[in-house]
Amino acid sequence: MRLARTASDIALGGILVVLLGFSAYQLAVAWGAAYWVLDAVAGAVVGVIALLRRRDRWYAAITGITLGAVTVVSAWLADLPTEPGPAMALALSVLVGSGVARLPGTQAITITVGGLLVAAGSLLISQTSGVATMNAIGWVVAASVGTWLRLRAVRRHAIATRIRRDERVDLARELHDVVAHHIAGIVLQAQGARIAGRRQPAQYDESLAGIESAGAEALAAMRRVVGLLRDGDAMPGPAGLVQIKELVERFNGPTPELHLPDSEPEWPQEVTTTVCRIVQESLTNVARHAPHAGAVTVNVIQAGRSVTVDVLDDAEAGPVRYRRGGFGLVGIRERVEALGGTLTVGPRAVKGWAVSASLPLGPAR
């Protein structure tokens with residue numbers, strides 16, 4: 001992502017330099033040697049602001065639009081060509097589009113109105129209406145693109161929020177089943193202890209009765225709360241190494257090289273389920289974004305009291321894979337972080353892509 005931004009800024013800077021030189025030459029020929037200075041200086045300053053816009057999009061846009069307005073009015077008062085030169089027009093379009101796409105609503109509206117005023121004022125007082133019209137069209141295109149990017153970001157955020165919510169519900173269900181099992185055991189043990197402890201002093205009977213009551217109430221409360229979250233979908237069967245092997249066998253691509261523990265590990269159910277989900281989503285992404293991968297590796301290894309999951313491929317990391325917002329991985333990251341783990345997704349040092357996760361198992365029992 002950072003490489004793509006750097007490349008786009010270099011390309012923008014190159015275009016601005018070419019436009020500045022072209023505009024200066026045209027003004028010198030058409031209006032005289034003294035007329036190109038204002039356009040060149042103003043265009044260069046606004047161009048630099050456009051290149052530095054990511055540091056503070058709000059101040060960059062406001063400063064650029066203000067300089068554009070001052071330049072237009074100054075040129076009009078001095079009887080100079082009043083439309084912003086092509087370099088300034090491009091820089092202003094970048095500032096407007098970037099601000100509309102990324103800034104909060106009020107600031108985005110302010111930038112839109114400010115850019116509209118500069119474009120309209122230039123069009124009204126310009127001595128060369130054709131160029132001013134092209135500049136105004138460029139501003140409209142920039143504002144439209146910025147609005148489209150903004151709406152797309154809002155939609156992606158809404159989808160990501162829904163996925164996170166659904167993943168939390170799924171995790172809550174799994175945790176409910178696990179914790180409910182333990183609480184049910186506590187209740188049974190407490191009931192047994194009451195029967196066996198009838199020959200003991202009354203204080204033990206009273207304590208065990210409290211344990212029984214508290215456990216039963218906790219179990220009932222958890223079932224009520226999670227019941228509100230259920231949407232009627234059936235719970236899948238318990239995950240394990242068998243499910244991971246089935247995922248690998250069903251993978252539509254090169255046969256993955258699979259490394260698993262020798263025997264079925266005694267991991268918490270929520271950890272086992274999360275491991276399966278990581279493998280499933282990672283293989284899905286390989287099939288979707290790297291269909292030409294020649295080799296895929298799946299490693300699931302326990303080291304001490306943690307489990308590491310690595311899904312690797314050797315496909316080129318194209319532009320699509322660099323994009324943020326792989327929605328499936330949003331849910332996976334929510335699961336991993338809820339369990340106190342970490343998830344890393346990105347290009348490998350050598351050719352290919354890697355999804356790596358580390359999940360704690362908690363203290364040994």
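Glycine residues also receive a Cβ, built from the backbone N, Cα and C atoms like all the rest.
Unlike curated records, TrEMBL annotations are generated automatically.
Owing to the predicted nature of the structure, the values given are computational and were not obtained by experimental measurement.
Now, the feature entries from TrEMBL:
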- 273-361: domain 'Histidine kinase/HSP90-like ATPase' (DOMAIN)
- 7-27: transmembrane segment (TRANSMEM)
- 33-52: transmembrane segment (TRANSMEM)
- 59-78: transmembrane segment (TRANSMEM)
- 108-125: transmembrane segment (TRANSMEM)
- 131-149: transmembrane segment (TRANSMEM)
Averaged pLDDT, computed only over the residues in the domain 'Histidine kinase/HSP90-like ATPase' (273-361): 83
Cβ-Cβ under 8 Å with the transmembrane segment (59-78): same-chain residues at least 6 beyond its ends: 38-39, 42, 45-46, 49-50, 52-53, 84, 88, 91-92, 95-96, 98-99, 103, 110-111, 114-115, 117-118, 121-122, 125
Helix, strand and coil residues within the domain 'Histidine kinase/HSP90-like ATPase' (273-361) as assigned by DSSP: 33 helix, 30 strand, 26 coil
